[in-house]
């Protein structure tokens, strides 16, 4: 089965072709970072318009790269949510129009399920079950994953996501957009221990997160350093990254202890952070835990993860396929709501 995947939930337009027998055949991505940089963040209206411009050329690109035609497509998966409503509607409209024209089934995919399953696209995918740390600009969650569509929420952020805290800290330090990579790069030059920042909820006794207080602590320090030199900024960036990594790592391994699992999957844009990967790998070796990541190309939003997640869902539950023309989207969508029928009764 050849599945076309379409991702348009925020500021990346991603398309991919995934074959259930041959694997990933082609993927293409257009990022809107340059367009949004002058505004310091994503402008929803501009994002939607750019998706409209990019989606059909990218479709033709992946078909050409894979040596296939539209007639070869057996099913279409698209990001149904969560995300920006206008951006989601672009991908959903194209998916449904193309599916209607070709007479093939369609399936709406949860954006976070795409991230959750993206490490399975690697050459050495993790077997089930595992604990997943989903960490991005909009979400920070710990999930226990027993199989496709069988996910249990263990903990989540009560306020800001880790990626949002990175972006806000970047602005406070006068760095560019997107903030996460800029903060991480600056932190490379910082001295550990130069600033003391809190580790929110590190000893809370549960698996939830909170990063709003850490962001406020960074704001307080920047006000004290109104005439900060570059080294001061680097030191503060280092303190911030160390605090984030401490909390994410500690909670992840607490989740593994709680579930008894021995495999940790890290997904989402913040999962590409070098400092976080180094800490998790180090702790994994000490505690005999395998740690898995998606390829760096698939840490950010992409069509490959949507094509793959859609293919796995259609394989596990063919009755989920939709026919006809129905391009509803779900800008706010709880991952717990997408459990497969057999997972609900198990």
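Heads up, the Cβ atoms here are built off N, Cα and C, so glycines get one too.
The substrate site in Swiss-Prot is built from 134, 135, 136, 137, 138, 180, 273 plus one of 159, 160, 167, namely 167. According to Swiss-Prot, 111, 115 bind Fe cation; the candidate from 261, 295, 301 that the record adds to this site is 301. Distance from the CA of residue 134 (substrate binding site) to the CA of residue 115 (Fe cation binding site) is 7 Å. Cβ atoms within 8 Å of the centroid of the Cβ atoms of 111, 115, 301 (the Fe cation site) belong to the same-chain residues 7, 9, 79, 112, 114, 136, 268, 302, 305, 306, site residues excluded.
Annotated pair residue 111 (Fe cation binding site) and residue 138 (substrate binding site), C-alpha to C-alpha distance, rounded: 11 Å. Counting only same-chain residues at least 6 apart in sequence, those with a Cβ under 8 Å from the Cβ of residue 180 (substrate binding site) are 137, 163, 166, 167, 170, 269, 270, 273.
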